[in-house]
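Encoded as structure tokens, the structure appears first; notes follow it.
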Amino acid sequence: MGNINKKLFYFLIQLITILIVLSDDSYNSLLPLEKDIAVIIRDLSPQTNPDFEIDNPNRVIKGLVKDQLNEEDRSPIYCCGDDHAPNIDRNRFVIHNQSTFYSWFHNQKDVNIVISKSLVFTRNVTSDDPRIYSYESDNFFPIDKMGFEADSYNGPIKKNQWKDRWGFPRNFHFCLELHASFFYIGGELFSFKGDDDVWVFIDNRLVLDLGAPHDVSGQNGQGSVYLDNLGLEKSKSYNFDFFYCERHTTDSHIMVETSIDFKCKYYDYCGVCEGMGKCCNPSECYGSLPACGHFECPGLTDIAPNVDWRYHCKVVVPNCSLSDTFCVKHQCDPDSKQCVPSTDYQPCQGKSNSSCIEARCDDKMGGCYLKSKPKDQSKNDTTCYRETCNEDTSTWEYKALCEDDSDKCISKKCIPNSGCSSSVVDCNDNNHCTIDSCSKDTGCIHDPIENCVPCVEGNKCSESSDKCQQLECNPYNSTTECIDRTKKNCDDSNACTIDTCNGESGECENTPKQCLAKNKCSTARCNSKTGQCDNIYHCDDGILCTLDKCSENGTCYYEANPCDDGDQCTIDICLNTLTETGGCSHSARVCEPKNSCFTSHCDKKLGCVQTPIECPVEAFCLISFCDNSTKKCMTADRPCIPDDPRCQYGVCDNDTKACIFKDYDPLPFKCQSAAVKAAVGVGAGAAAGIAIGGAIALGLAAFGGKRGYDAWKSSRDNQIQTSSENPLYNPNPNQGDNPLYAANNS
């Protein structure tokens, strides 16, 4: 037997074994030749959205969407708000704004038409990873004669105006989205090549960014994601979200290759795999509403897919009391259906008994507090002025305390921060021939003395060195006698002054006591009755729930009292009415779970802590989890992860409560033992192509020759693109000898 015939013999033995194994239905169901992947397509038009047929930069532009997916509706978030998306220069752009971008992936009446489709992914039997599936088309027009191009469409959009490079009318302008989930096993990849915009999110993170219209020449419009580089956790379920738009003539290309095992956790009521209910518009809901009620969309899985959701909307009446505070009560506005502050609620009414003092309310300041109308700061010395409110004008009026002239025998003046200084009017006219007295009504009186003798020359009575102790001539005998008058009285009836008489001038001196202020925000004052110093603190605003502060430069400022007790499980508030506790109140904090997938409890140090719920599971080979989109517990098959997922797959056994790992059969050539590779005797590269290339195809090739293989290829709708994929046509695949080529061409 020649060398070629020996190789062929060993190969046919191996091939027969493969054919027998592939007849096993369990293996075929594990890795079917085809998978239908559900997608949603929105037909758009340059007439409804100017982002389509926009100037073509013919290059990928990154950063058109944000790195994080909008988890509320699993849609990409436009990068730039109301601004244009950037392009290669300032004068051109590829997206107008967030409003035009919105209709790419959201239902919008008269702007887009929603079409449900599925893409058939085919297992790549020539790959060294049996999990690889691909979808490829160089004429990707999945909604030709649909949407705006459908015969039944009678709207304003012009039909059949966009043609491909061969002149055939095509439905060029659409956006596609695919939502699924997967259990990360290890070794998965996702590759794409095509036009135009493509974004891929895994675990809500952007992992492939191919934005803007572009062609597929060279490396343009292609990229790959290796999931092992994403920091994913094996056996954990992750969301997968794929977005694709065809925005520009004249070609449409798509090539997707992936080993990710897509699953659909649920279908929403719109019939979309892992959809977020985008078909729902609450304004279209059917039913009656209370005065302040409004409609909300149903829960994603509350009704069966494609059931008319308009009859199943939720009626929601807002509980406005949840927004109430001490100062603000809320009520529902029937027009806006929103909670708004009540204009009738006056919590501080009657709290003030003066029109010069306003009763105000501020929750940060503890509720009701009193605020004075503006005062004259030049008259704020209460030792000199008494303030009163003019209730008619609601203004402060001031009366000087030391300007009382009802007693003309008493002289009064105000000493700042010490009060009134009162002294007896000095009625001495220095005339010994008068009797000096004082009337409180008229003041000083000087009555002449009859038969008064003038002072003789040389009388020394007026030459006293102490002018506070006055001497004057005896009006009846002025020769030698002097009359000693009473020492001058300098008592001003104010305990805050030191009263003395200046002997040289004879004037009274009433010197204020020195009182020192404690800080720059205080004024030192003396009590005119006791003579004791008092400190008047200007920063006391009289509000229990504020902390009165004084800055270094003497400016008063006020901080809300936090009443912090150091316990994160209490709600600490301050109310001015709680005088017994200094205003502070500490009520228990109620921790609400953020959704039905969580429970919540309070930790004194951390506050409210969210804990995922444990969903019940009925068997070892099932796992359960709470889905963040539906907020419900779901069940899935337990993933069994082999050491090398490209060579083995895992099967869960409920009886043994263990995962069983089996080799793929036929085993990919890269996974074969050295003995098998030697027995086949084919170069490693060629054998890889032959062994994994599909046992059915190889069987036809081996036993039916070229014609049998070509007939099978034709029956598969040209899924194999070139004749060179037939091993009978390739003498040296990957630099190795092909025994089938030699045997069929000898």
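Here the Cβ of each residue, glycine as well, is placed from N, Cα and C on the backbone.
The signal peptide annotation in Swiss-Prot covers 1-23, and the record cites sequence analysis as its basis. Per Swiss-Prot, topological domain 'Extracellular' is recorded for 24-679, and the stated evidence type is sequence analysis. The N-linked glycosylation site annotation in Swiss-Prot covers N97, N124, N319, N353, N380, N477, N553, N628, N654 and is backed by sequence analysis. Residues or ranges marked as domain 'PA14' in Swiss-Prot: 125-276. Taken from Swiss-Prot, the feature transmembrane segment applies to 680-700. Per Swiss-Prot, topological domain 'Cytoplasmic' is recorded for 701-746. If you look up Swiss-Prot, you'll see 714-746 marked as region 'Disordered'. Under the heading compositional bias 'Polar residues', Swiss-Prot lists 717-746.
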Number of Cβ atoms other than its own within 10 Å, given for N477 (N-linked glycosylation site): 11
Residue among glycosylation sites N319, N553, N628, N654 with Cα closest to the Cα of N477 (N-linked glycosylation site): N553
Glycosylation sites compared (N319, N380) - the one with the fewest other Cβ atoms within 10 Å: N319
Collapsed DSSP category at N477 (N-linked glycosylation site): strand
Which same-chain residues, if any, lie at least 6 apart from N124 (N-linked glycosylation site) yet have Cβ under 8 Å of it: I132, Y133, S134, E257
Chain-internal residues near N628 (N-linked glycosylation site), provided their CB is under 8 angstroms and they sit 6+ positions away: E71, N595, C597
Among N97, N553 [glycosylation sites], residue with fewest other Cβ within 10 Å: N553
Glycosylation sites compared (N353, N654) - the one with the fewest other Cβ atoms within 10 Å: N353
Nearest of the glycosylation sites (N353, N553, N654) to N97 (N-linked glycosylation site), judged by Cα-Cα distance: N553
Rounded Cα-Cα span from N654 (N-linked glycosylation site) to N319 (N-linked glycosylation site), Å: 49
Minimum Cα separation from N553 (N-linked glycosylation site), reported as the residue among glycosylation sites N353, N380, N654 that achieves it: N380
Alpha-carbon distance [N380 (N-linked glycosylation site); N353 (N-linked glycosylation site)] in Å: 21
Model confidence over the domain 'PA14' (125-276) (mean pLDDT, whole number): 94
